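Listed features, source Swiss-Prot:
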MOD_RES   Ala2  N-acetylalanine
BINDING   18-23, Ser37, 39-40, Gly66, 121-122, Asp124, 152-153  GTP binding site
BINDING   Gly18, Thr19, Gly20, Lys21, Ser22, Cys23, Asn121, Lys122, Asp124, Ala152, Leu153  GDP binding site
BINDING   Ser22, Thr40, Asp63  Mg(2+) binding site
MOTIF     39-44  motif 'Switch 1'
MOD_RES   Gln67  5-glutamyl serotonin
MOD_RES   Ser185  phosphoserine
MOD_RES   Ser193  phosphoserine
MOD_RES   Cys213  cysteine methyl ester
Amino acid sequence: MAETYDFLFKFLVIGSAGTGKSCLLHQFIENKFKQDSNHTIGVEFGSRVVNVGGKTVKLQIWDTAGQERFRSVTRSYYRGAAGALLVYDITSRETYNSLAAWLTDARTLASPNIVVILCGNKKDLDPEREVTFLEASRFAQENELMFLETSALTGENVEEAFLKCARTILNKIDSGELDPERMGSGIQYGDASLRQLRQPRSAQAVAPQPCGC
């Protein structure tokens with residue numbers, strides 16, 4: 001039986017190698033921790049249908065390799081992404097320091113309107129923390145990002161990170177800030193009736209006015 005959904009969103013999971021991107025994806029899709037996680041080679045893919053604000057949304061999620069040698073390959077997957085999880089490891093300042101470069105790639109190669117949530121992963125390793133919550137919050141605020149600390153091991157805030165990103169995209173569609181019909185938006189309608197309901201006013205038929213004669 002074919003899946004039915006109102007919208008399809010293309011998501012990216014980006015950030016340096018070793019930050020737990022694949023484990024976040026696995027926790028979100030399978031609801032369990034990926035014990036034998038190796039570095040991603042190129043890209044990995046997962047999908048899940050979720051309910052967000054009364055709408056059924058299919059998330060197509062591309063988990064990209066963090067190593068520099070794969071950047072030319074993974075960058076080709078950025079195009080047409082509606083949302084992204086930008087991931088760093090709270091126990092590794094090096095992964096935090098590279099966030100600006102990853103964010104530039106996302107906004108340049110995907111879309112200037114891409115919705116990004118910053119995820120400080122490995123929250124379960126708090127005693128080994130190298131990046132404070134306050135510092136990361138400041139980075140998120142300066143770059144107009146949402147922010148959560150997550151744990152792929154315990155599952156803390158993993159679901160919320162994906163859903164918060166999807167919820168923001170839906171709100172932007174409702175407000176007219178994002179147009180699903182625009183090429184490269186990373187958004188597709190799953191139900192044809194929704195497309196008709198959300199046609200721009202200029203495209204809808206104008207009711208005839210009485211002539212007054």
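Cβ coordinates come from backbone N, Cα and C, glycine included.
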Alpha-carbon distance [Asp63 (Mg(2+) binding site); Leu153 (GTP binding site)] in Å: 17
Asn121 (GTP binding site) to Asp63 (Mg(2+) binding site) - Cα separation in whole Å: 15
Position of peak Cβ density within 10 Å, selected from the binding-site residues Gly18, Gly20: Gly20
Neighbour tally for Asp63 (Mg(2+) binding site), based on other Cβ positions within 10 Å of its Cβ: 25
Ser22 (GTP binding site) in three-state DSSP notation: helix
Per DSSP, three-state class assigned to Ser185 (phosphoserine): coil
Cα distance (Å, whole number) from Ser185 (phosphoserine) to Asp124 (GTP binding site): 35
Which listed residue (Asn121, Ser185) has most other Cβ within 10 Å, given these are recorded positions: Asn121
